[in-house]
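Enquirer: Sharing a structure below in C-alpha cells format, with a few things to ask.
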Amino acid sequence: MAVSGCTNDNSFGPIVQGCRGDFDFTLRFQNIILGILPAAIFILLALTRVATLAFRSRIVGGKVLQFTKLAVIAATAALQLVLLILSSTSNDESVDGDTFAVANSALGFSQWIVTLALSFAEHSRAPRPSSILTLYLLLQILLDVTRCRSYWLLATSFQITRYAGVFTATIGLKVITLLLELQNKARWMTWRKEDHSPEETSSLFNLGVYFWLIGIFRNGFKKTLSIKDDLYLLDHEMQSKILLDRLTISFAKSSANVGKRFRLAKALGRALIVPLILPVVPRIAMIGFQYAQPFFIHALLEYLIHKDVPKNDGYGLIGAALIIYAGIAISDALFWYFHQRCLYMARGCLASYVYRSTTQGKMTDIGDAAVLTLMSTDVERIIYGFHGLHDFWANIIEIGLGCFLLQRQLGLAFISPIVVILLCVAATTAIAWAIGERQSRWMAKIESRVGLTSSIISNIKSLRISGITAPVRDLVQKMREQELSIGNKFRWLLIMTATVAFVPSAMSPVVAFAFTNEQLDTLKIFVSFSFITLLTNPLGAMFQSVPAVIAAFVCLERIQKFLEIEPRVDYRKSSRPLSPADGSLLEQDDEKPLGLGQGASKSLISIVDGSFGWTSEKMTLTGISVDVPVGKLTLVVGPVASGKSTFCKALLGEVPFSSGEVIVPSTEAPIGYCEQTPFLKNGSIRDNIIWHSVYNQTRYEEVLDACLLRTDLDILPEGDATTIGSNGIMLSGGQKQRVSLARALYLETDFLLIDDILSGLDNSTGNDVFRRVFGPNGLMRRRNATAILCTHAIRYLPLADHIIILATDGTVGEQGSFDKLAETGIYIPTLGLSDADDASSTNSSIPVEETVAATMPVPLTAFSTVSIGHLEAESRSTGDAKVYRHYYQSVNGWATMTCLLSGIMYAVGRNFPSIWMGWWGSNSFDRTSSFYIGIMGLFRGLQIISLFLCATAVVIFMTTQSGKLLHNEILNTLVNAPLRFFTTTDFGAVTNLFSQDMTLIDGELPISLLNTVIQIFDVFAMAVVVAVGAPWLAIAYPVVFSIIYMLQMFYLRTSRQLRLLDLEAKSPLYAHFLDTIRGIATVRAQKLRDQEILFNQDLLNLSQRPAYLLAMAQRFLATFLNLIVMVLAVGVVAISTQLRTNSGFAGSSLVTLMSWGESISSLIQYYTQVEVSIGAVSRLKAFAQNVPSENLDQEDLEPAEEWPTQGDIAIRGVSASYKNDDESPASEDDEESPNLALEDLTILVKPGQKVALCGRTGSGKSSIILLLLRLLDPLSNQSENIVIDGVPYNRVNRSILRRRLIAVPQDPVFLPDGSSIKENLDPFNVASDEECLAVLEDVRLTKFATDHGSIHAGIRADELSAGQKQLFSLGRAVLRRRVKQRLFSIHGGVLLLDEVSSSVDSATDNLVQEIIKEEFADYTIVMVSHRLNIVMEYFDSVVVLDRGRVVETGDPRDLAKTEGSWFSQLWAMEKK
C-alpha cells in the first residue's frame, strides 16, 4: 500500500482515495469490471461462434492477410503470457494488488488463445469481419487505456515500470489487430463481387456509420442512377423467395387459428423472429446513454456552481460528453439499421405472399383494385406504421426510469406528470377506437377510385368510341372528392392524436413544478426538466405513432382476410398420370394421327352430370354430360348466354360452384387455352407468344405461319420485338386473337381449348387460320392434338369430328358427329349446311400475303421513350422551384400563411421556456415561483394551440385543395391524351400516378411538410437558446450550418433519385400484378403459376433495392447529424468548464441540446421526405404538361345538341397515319409512308344510307371508324376534307363530336362494379326509368334486370356473357337515339358500328340487325362487318378496303353478281 499511497486500492471502490488526484478507479475495480468480466463474456461468446463456424465451408481467400492477423494475435498472446508471469511472480502490491490481478492476467492470456481460433474461423468462413471480435477489441482498447494510465501513475519502481511498458505494448498490438480484423474481405471472396452487395462484407462499424453506402452517394452525386447498373443487390436473407418460404411455413403453422385476429401479425413475427430481436440490444444501449444525460447535466451544473472543484473534473466531464453523445449516435445508428432491415424483410414477405395467394384464388375473389391495393398501399402502410414498433416496449422502460428518477428530484410531485400522461393516454385510446374504422373506409374509397382509373386506362379506346368519356371522368373525380372527404375524417383523428401527443412534453414540466414542495434552484430545475423531457418525449413519439401502428394492424387484418379466403379448388379428377416426356396429355404411343371425320375415339375429357355456376344461387350450366374424343376437333356451339365460356372455364376447373364430375387425363398437364377476350401482356409480340417456354425457332416459325402473323410482323418497324402496349391496345381485335392463339400453339401440349378466338377475323382470314390450325393437314392434326373450339361460326361445323350443342337453358341439347346430328338432330338441319361444304372449304387456299392486309396501327416506341423519359428527367431535376410553386398554386394562400405564422408561434412557445428557466433559477425578476410557472405555462399553451392550427392548415385544408386540383389536372390530361399515348405507355406507370403518387400527396407529403415547417423554426429557436448558454459556440454556427447544408445537398442528390427509382420500380411490379389478375385463367391453364411467381419475386427484389437503400440513406443522414450534435455538445461542455460560464444558461444549453440533435436530424429527414415526396408532384406536373392533348387549338366549334340531323358524310382524298414522331397531326410528308393506315380515302355517304365496311383483317375498316370519331387524324393538309352535315369536321371539339355521333365499339365497356344497370345504360342520366326498361326489353335483357330486382341495382360486368355485353352496348346506343328524338324531335343522325356482332351467334346477330333496322331507320349507318350475309340483307352500299385503300364501292347485291369484283370474292368465301 505504501507504494501506491492509496487507502482503498485493494477494495472495490470504485473511486480511489488519497492518490492519483482522486481521479481514477481502484485496482480491484479495474481487475474485476474492466478485465475479468468482459474477458469471461467474450470467451463464452467466442467459443460458441467458433463452434458455429466449424460446420461452414471456406468462402474467403486472402491467406496473406489471414497469416498476418494470426501472427499479430500470437504476438499479443505472448505478451499476455509475459504479463501473467510478471503478475504471478511480482511481490509489489501495486501490480499484484490481490488474487484478482492474477486471475485477470490468466483470463487475458486465455482470451487471446481463443481469439486465435476465432480469427482463423471468421476470416475463412464468414463474409464480413467478426462483430464479436471487433466489438470486444474496441471495448478492450478503451478499458485498457484507463488501466494503462493507472499503471504509469503507479510506476515508481522497475517492476511496475516493466509491467506498465509490456501492458502498453499489448495495447498497440490490439490496435493493430483491430485494424486488421476490420479489413473488408470482398476482394478475396470466392463469389462474384457483382452478384453481392457491399453490405454483406461490411463490418459492424461500417454498418453502424453506414459507410458502405458511400459508393451509392458518390454515384448519385455524379450521375443519374439506374437500378440495375448502380444500386446494390439485396443480400441472400432479403431475397423474396427466402422470405416467402419463411412466412408460408409460419402462417401454415397457425392454420387452426383461421379467422382469429392478429394471426398474420403473429406469423410474420415468428418468420422474422431473429431480425425482430436484433434491434433490441442497441435500443437498450440507447436508453442507457439517454438517461446518462440528466446525471451528466447534474454533474456539470455542480461543477459550475462550486468553484473549488479540481480542474481534472472538467476534463472528465468533457470525456463523459464525448462518450455519451457518441454512444447515442452509434446505438441509434445500429438500432435503425437492424430495424429498417427487418421492416423491408416484412415488406418482401407480405408482398410476395399476397401475390402467391392471388394466383391461388378463385376468379370471382380477385379484383384488380382490391388486391392491388393490398399489395401496394396496405403493405406500405404496414411498413410505415411499424417504424415505431420497438418504441412501445422501450418507452415502458424509459417511463419507469423517468418516474423513479423524477421522484428523487421532486418528491410526490412526480405524480402530476403521470396524471397528465394518463389523461393523454385515455384521450389517445378514445381516438384510437375510431382510427381503424375510418381508415378502412378511406382505403375502400381509394380501392374503388384506383380500380375505375385502371379500367379507364385499359378501355380508353372503347370509352371514346362510346362517347361516355366525360361522365366516366366526372365519376372518377367525384370519387376522388368523396375519398378526400372520407380521408379527412381519418386525418382529423391524426391531428387530434398529434396534438395530444405534444401535451405531456409541453405541460408536464409546468404541472410538476406547480405541485412540488421542493425548493427549486438552478440545479433542481434543469435536472428535473431533463428527467421530464426524457419521460415525456418518448410518449409524444409513441402517441403520434399510435394511429400509424393501428393503421398497420388494420392493413394486416385486411391482408389476412384476403389470405384466408378459400382458394380455388381444382375439382377435376385425373384419369391417368402425366406423361414424363414433355408434360403432354397423351401417352407417347397412345394414339396415332387420325384423319378428318373418323369420328369420336377414346375419351380425353368427360363431364358427368356436371352443373357449373359463378354464384351459388344460379347455375350457368346444368346437368351436362359430355365426352371429348382424343386427337379430334370438338366444336361447342349455342346461342348467346348459353354458357360456352363457362364450359371452357369448367374444363379448366375455374368455375367456383360446381357439382358432378370433370375427368381429365392429368390435372397437372398444361392446356393451350385462349380466352374469348384475348389476354396479352405489355411486352413484345415474341414475348407474348413464347412467354415462359424455351425458344425453339422451328416451332416458333411454324406457329407464326399457322396464325398468319408473318405479314403483320413484316410491316412492323421492329418485327416481333414490337411492344404491343397494355392489353395489346395497338393491335386490332383479330390480331390480338391470332397472337393469343399463337401462344397456345407454341405451348408444349396436346390439348387446345379455344374460346371463340376467330370471331374478330374476317371470313377469309378466319377460314385460312382454321385450315392451317384445325384442317386435315393443320398444325393440330400433325401434332395429334385434341382441340375444343367454342364458336359462333357455324360454317366450321362440317369440319368437326365432334359437336356439342348447348341450349339456352344451359343444358346440352345435342352432341355427336356432324353426320349423326345432320341425320337425327334438330339444330344442324336448320342451318342448311352439308358435308360437301367441307371439301370445298378446306381445299381452298388463300395466299398469306393476300389474307392479311399490310395496314395496322404502328407501335410508337419513340413516343413512349420520349414521354416517360421526359417525366423521369423532370422528376430528377435538382431543386426545381417550379414544382414547389406548382404545388402551392394548388392551395389557398391563407392556409399557407396560417401554417407559417403558427409554426413561428410554436417554436417560440416551445423554446423560450428554456431561457425563462435560466432567469427563474437566478430569480432575475425577484418574483415567486408561481410567477415563473405561470409565464412558462402561457408559452407552453401557445405551443399546443399553434401546433393544432398549423396541422389543420396543412393536413386538412392544403391536402384537400391540392388533392382535388392535382388529381383533376392529371385526370383531364389522361382522358384527353391521344390514343397513341395509350398504345405505347406502360399501363402500370400511368396507374402508379393515380395510386402511389396520389397516396404520397395525400399522406406523406402533408405530414412531411408540416413537420418541416415546425422543425425549421424549432431548430433556429434552439440555436438561439444554445448560443445564450455558450456565446463562443455561436462563432461556429456558420461552419456548422454550412456543413449541414452541404451534407443535405450531397445527400439529396442521391435520396431524391432513390425515391423516384423506388416509385418507378413499383410500376412493372404492379403492372405484372394486374396482368396476372386479368390472365389468371390462362396462367393456371398453361401451368405457368410457378414461373409467374418467380418473375414476380424478381420484380419485387428489383423494387426492394431502391426502397431499402433509401431507408438506409436516411439513417446515414441521421447518424451524421447525431455526430455533429456530439461535437456541439462537447463544445458546450468544453467552453462551460474552461470558462466557468453561468450555470443557468449552461443548463439551458444542455437541456436544449438533448433535443436539438434530434430536431436537426428530424428537420433534414422531413425536408428530405418533402423533397422526395414532391417528386410525386413533379411527376404529375410533368405528366400534365408533357403529355399532349388530342384537342387542337382550332377545334373550338360546338355544334347544336341535335347535330347531326341528316347524316351526310363526305370524305374526299383523305390519308391518315398513326404518327410516331410527335403529337401534331400527321403531315403531308407522311403521304408516301408505307405505314399509312388509310390512303387517298374518298367515301360519300348520303343521309340515311346504310354503308358496310368490308375487307380482310388489317385492311383499314376500323381505322375509318376511328377517323370519323377523331381517334385517328388525317394528314394535316387534308383535315378540311371531311364534312358531316355541312360542318367542318376539323373544327368540332372531339369530345363533343363523340357525344353527338352514336357509336358502338367492338369491345363493350361498363362503369365500375357496383354501378347500377341504369347508370351503365344511361351514363349521362338523361333518360327516365321507363325508357330504360323499354330498351332493355327490346335488346332481350329484361330478365337480367328482373333478376337483380330493379334497374337501380348494382351489377358486375362479368355477370353478362360476351354476347349480352354487346346487346347491352347496343341498348345504350338505342337509348341515346330515343332521348335525342324526344328532346329535339329529330329522326336523323349518324350511327357507327365496329364489328358489334363478333361475339354473338347468327340468331342474335339477326336480332341485332333487326333492332338497328327498326331503331335507326332514318340514321346514316357506317358499320364494320365480317358477316357478309348481313351486309347483303340490310345494307344499301358496301365499301371494300385493302391495305388502307378503297378498292370498290357499290350495292352489295350487284357487286356479288359481278364476276371478278373484290366483294364477289369475299362473298364466295363467305358462302363456303
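Even glycines carry a Cβ here, placed using N, Cα and C.
Got these off Swiss-Prot a minute ago, pasting:
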type	residues	note
BINDING	638-645, 1255-1262	ATP binding site
DOMAIN	284-551	domain 'ABC transmembrane type-1 1'
DOMAIN	605-834	domain 'ABC transporter 1'
DOMAIN	900-1139	domain 'ABC transmembrane type-1 2'
DOMAIN	1218-1468	domain 'ABC transporter 2'
CARBOHYD	Asn682	N-linked glycosylation site
CARBOHYD	Asn696	N-linked glycosylation site
CARBOHYD	Asn763	N-linked glycosylation site
CARBOHYD	Asn784	N-linked glycosylation site
CARBOHYD	Asn843	N-linked glycosylation site
CARBOHYD	Asn1101	N-linked glycosylation site
CARBOHYD	Asn1277	N-linked glycosylation site
CARBOHYD	Asn1293	N-linked glycosylation site
TRANSMEM	32-52	transmembrane segment
TRANSMEM	67-87	transmembrane segment
TRANSMEM	100-120	transmembrane segment
TRANSMEM	163-183	transmembrane segment
TRANSMEM	197-217	transmembrane segment
TRANSMEM	271-291	transmembrane segment
TRANSMEM	386-406	transmembrane segment
TRANSMEM	412-432	transmembrane segment
TRANSMEM	534-554	transmembrane segment
TRANSMEM	938-958	transmembrane segment
TRANSMEM	1003-1023	transmembrane segment
TRANSMEM	1024-1044	transmembrane segment
Enquirer: State the mean pLDDT for the domain 'ABC transporter 1' (605-834).
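Expert: Across the residues of the domain 'ABC transporter 1' (605-834) the model's pLDDT averages 87 on the 0 to 100 scale.
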Enquirer: Can you tell me which of the glycosylation sites Asn696, Asn763, Asn784, Asn1101, Asn1277 is spatially closest to Gly638 (ATP binding site)? Compare CA atoms only.
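Expert: For Gly638 (ATP binding site), the closest Cα among Asn696, Asn763, Asn784, Asn1101, Asn1277 is found at Asn763.
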Enquirer: Between the domain 'ABC transporter 1' (605-834) and the stretches 284-551, 900-1139, 1218-1468, work out which stretch tops the count of Cβ pairs under 8 Å.
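Expert: The stretch with the most close Cβ contacts to the domain 'ABC transporter 1' (605-834) is 1218-1468.
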Enquirer: Nearest to Ser1259 (ATP binding site) in three-dimensional space, by Cα, is which of the glycosylation sites Asn696, Asn784, Asn1101, Asn1293?
Expert: Asn1293
Enquirer: Out of Asn696, Asn763, Asn784, Asn1101, the glycosylation sites in the record, which is closest to Lys1261 (ATP binding site) when you go by Cα distance?
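Expert: Nearest by Cα distance to Lys1261 (ATP binding site): Asn763.
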Enquirer: Taking every protein chain in this structure into account, which of the binding-site residues Gly638, Gly1255 has the most other Cβ atoms within 10 Å of its Cβ?
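Expert: Comparing the binding-site residues Gly638, Gly1255, the most crowded Cβ belongs to Gly1255.
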Enquirer: For the transmembrane segment (163-183), name the stretch out of 32-52, 67-87, 100-120, 386-406, 412-432 with the most CB-CB pairs under 8 Å.
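Expert: The listed stretch sharing the most Cβ pairs with the transmembrane segment (163-183) is 67-87.
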Enquirer: Can you tell me how far the Cα of Asn763 (N-linked glycosylation site) sits from the Cα of Thr1257 (ATP binding site), in Å?
Expert: 9
Enquirer: Say we define neighbours as other CB atoms within 10 Å of the CB. Which of the glycosylation sites Asn763, Asn1101, Asn1277 has the fewest?
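Expert: Each of the glycosylation sites Asn763, Asn1101, Asn1277 was scored by Cβ atoms within 10 Å; lowest is Asn1277.
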Enquirer: Which sequence positions outside the transmembrane segment (534-554), separated from its termini by at least 6 residues, show Cβ-Cβ distances below 8 Å to it?
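Expert: Result: 262, 265, 290-291, 293-294, 381-389, 391-392, 394-395, 398-399, 401-403, 406, 417, 421, 424-425, 428, 431-432, 435-436, 439-440, 493-494, 497-498, 500-502, 504-505, 508, 1154-1155.
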Enquirer: Taking only the recorded positions Asn682, Gly1255, Asn1293, which one has a CA atom nearest to the CA atom of Asn696 (N-linked glycosylation site)?
Expert: Asn682
Enquirer: List the Cα distance (Å, whole number) between Lys644 (ATP binding site) and Asn784 (N-linked glycosylation site).
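Expert: Between the Cα atoms of Lys644 (ATP binding site) and Asn784 (N-linked glycosylation site), the distance comes to 24 Å.
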Enquirer: Taking just the CA atoms, what is the gap between Asn784 (N-linked glycosylation site) and Thr1257 (ATP binding site) in Å?
Expert: 29
Enquirer: How far is it from Gly1255 (ATP binding site) to Asn1277 (N-linked glycosylation site), counting Cα to Cα, in Å?
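Expert: One finds 27 Å between the Cα atoms of these residues.
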Enquirer: Just checking, which of Ser642, Asn696, Ser1259 (recorded positions) has the fewest C-beta atoms within 10 Å of its C-beta?
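Expert: Each of the recorded positions Ser642, Asn696, Ser1259 was scored; lowest Cβ tally within 10 Å is Asn696.
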